[in-house]
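Here is the structure we will look at.
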Amino acid sequence: MFSTKLEGYGCRLASFVQKASCLCIPLSSLSFEASLRACVEQCEKTGCIMQRCFPACEFSSNALSSNGSWYMHEPLYLQWKQWDCLSDCRYYCMIDREIERAALGEAPVKYHGKWPFTRVFGVQEPVSVAVSVLNLAMHFQGWLSFIILLWYKLPQKLDKTSYYEYTTLWHIYALLSMNSWFWSAVFHSRDVDLTEKLDYSSAVALLGFSLLLAIIRSFNIRIEATRVMIAAPLLAFVMTHILYLNFYQMDYGWNMQVCVTMAVLQLLIWAVWAGVSNHPSKWKLWTVVIGGGLAMLLEIYDFPPYKGYADAHALWHATTVPLTCLWWSFIRSDAKYRTSQLLKKTK
């Protein structure tokens with residue numbers, strides 16, 4: 001996430017010591033990976049890359065020491081500076097490296113699992129942030145319209161509860177969705193270990209619960225004991241995977257396999273159910289399933305960001321905005337349909 005002519009490279013990707021002296025490393029003697037690592041490590045210690053220093057990496061007047069990075073000597077409540085400082089160091093070292101790669105005619109590569117993006121007002125991935133916020137807003141609007149439908153438009157039982165048996169599940173789904181898109185926006189704004197783990201964990205939790213919801217609704221499971229028997233192993237797997245990512249290893253490849261598998265399974269379940277069901281709004285479900293399947297290809301077949309702003313992941317986020325609107329429309333239609341079916345039976 002994280003200028004320069006290659007001729008006379010003399011001092012590129014070296015770092016400033018005490019903001020003045022330059023450590024000179026010939027390009028031929030270091031691989032790009034090693035030079036990037038050296039650049040970031042030196043920047044963390046000095047707060048500068050060549051003549052360029054960063055406000056977030058200003059030295060503390062009482063923290064000068066030859067051991068470790070400067071911010072580790074700050075009081076605990078000031079160690080948040082590490083986020084901005086490390087992020088700036090990684091970003092500008094990455095930018096220098098990409099300029100050098102472009103000069104050699106080489107294609108962009110990923111850094112820390114992500115493509116190199118152009119920052120806008122300090123935001124690392126502005127397009128992804130914008131569409132993540134838009135997705136969050138669409139889920140909130142959809143959830144709100146669902147609540148209004150249940151409370152004010154559809155008939156209720158004598159105890160003022162809804163006839164719709166899946167109400168609680170959709171409420172949980174809405175909260176998990178908004179939580180996931182919130183952390184997606186935060187993560188794409190500033191990529192640090194904490195925001196990365198929160199984003200990945202919330203996405204896995206949402207996918208796991210969405211799969212559970214697809215199973216329960218498609219098979220029309222209304223008995224609580226049966227729901228628990230189905231939910232227990234699935235939620236146990238999801239929690240184990242989240243703990244694995246957070247406390248053992250952030251394995252991007254394995255996480256992608258898990259997420260794609262859960263996403264494909266729920267799309268297949270919804271597709272089969274739409275094919276055999278007489279639901280009056282199944283065309284909405286078909287549209288979401290087909291659109292979601294096509295959008296998933298953007299996650300699988302990745303490509304670098306266009307002009308440094310929009311990559312395949314950002315476009316995937318954008319495609320989910322209209323699909324989210326249609327999805328909540330289907331949920332409302334399902335609530336109306338199931339309520340009418342149950343009222344007919346009671347009469």
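Note: Cβ is positioned from N, Cα and C throughout, glycine not excepted.
TrEMBL annotations:
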TRANSMEM  129-151  transmembrane segment
TRANSMEM  163-186  transmembrane segment
TRANSMEM  198-216  transmembrane segment
TRANSMEM  228-248  transmembrane segment
TRANSMEM  254-276  transmembrane segment
TRANSMEM  283-301  transmembrane segment
TRANSMEM  313-331  transmembrane segment
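Only residues 6 or more beyond the boundaries of the transmembrane segment (198-216), in the same chain, are considered here, and those with a CB under 8 A from a CB of the stretch are 166, 169-170, 172-173, 176-177, 179-180, 182-184, 186-187, 227, 230-231, 234-235, 237-238, 241-242, 245-246, 250, 255, 258-259, 262-263, 265-266, 269-270. Only residues 6 or more beyond the boundaries of the transmembrane segment (313-331), in the same chain, are considered here, and those with a CB under 8 A from a CB of the stretch are 125, 127-128, 131-132, 134-135, 138-139, 141-143, 145-146, 170, 184, 281, 284-285, 287-288, 291-292, 294-296, 298-299, 302, 305.
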